[in-house]
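As written in TrEMBL, here are the features:
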- D151: active site (ACT_SITE)
- D171: active site (ACT_SITE)
- 20-41: transmembrane segment (TRANSMEM)
- 88-108: transmembrane segment (TRANSMEM)
- 115-133: transmembrane segment (TRANSMEM)
- 167-187: transmembrane segment (TRANSMEM)
Amino acid sequence: MTDHHPEPRSAPRGLPWLRFLIVGLLIAADLWTKHAVFAWLTPVAGQAPSEGVEVWITGRLRYEVLGDFLGFMLSLNKGAAWGFGDSMPHLLVGGRVVASIVLAVLLWRADRRHPWTLAALALILSGALGNLHDNLLQPAAPDHPYGAVRDFIHVYFYWWKYHFPTFNVADSCITVGAVILIVGGLFSRAEEPAVAGAATEPGTDAA
């Protein structure tokens, strides 16, 4: 008589559509903040800048949020972080398209019993799509086949006279999501030996 082995059940996914609703809300927040800040700070010919906006040491218009440390400053980035990849636009945008597809599949198939993984994937996917929107749907930048990504959050470390690269909400989502994945992975590895040890303790085997 042959043994009957039950078919392995797929991981519970809960309500996958809810995950993509969250992604959509994060993308909406990214696009709205880009539009609002750029409309507010973009100088209009013949008009003075908005109240509180000044020309900063970089020569750009800047609005202080937390003094010199944090402010809004407009920047159009044709590359990735720190402007990397601006000389390879097709590779950069193509990579973003592929990454977005892979992340969407992973988010759809992810196990709902791992909420931190779900949160990380949703954050990274929303950030990737938010910046991809600018590449594909914004007017092409000069001498560039795609639109530039709109950045506006500026951080300045006065003590080191260092300007952190200007970023946006999408970049923040990607960074936070990546940190969650890394920290979650470290905690998972730390828990594995403890779980394995508990499983091999005397008296844990089934009679």
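Heads up, the Cβ atoms here are built off N, Cα and C, so glycines get one too.
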**OP:** Please figure out which one of 20-41, 88-108, 167-187 racks up the most CB pairs under 8 Å against the transmembrane segment (115-133).
**Re:** 167-187
Subject >> Outside the transmembrane segment (20-41), six or more residues from its ends: residues with CB under 8 Å to it >> reply: 49-50, 53, 61, 63, 72-74, 104, 107-108, 122-123, 125-127, 129-130, 133-134, 150, 152, 168-170, 173
Subject >> Integer Cα-Cα distance in angstrom, D171 (active site) to D151 (active site) >> reply: 9
Original post:
Do any residues of this chain, six or more beyond the ends of the transmembrane segment (167-187), have a C-beta under 8 angstroms from a C-beta of it, and if so which?
Top reply: 26-27, 29-30, 33-34, 81, 114, 116-117, 119-124, 126-131, 149-153
Subject >> Cβ neighbours within the same chain of D151 (active site) - under 8 Å, at least six residues apart >> reply: L74, S75, L76, N77, P165, T166, F167, N168, D171
Subject >> Protein Cβ atoms within 10 Å of D171 (active site), excluding its own >> reply: 21
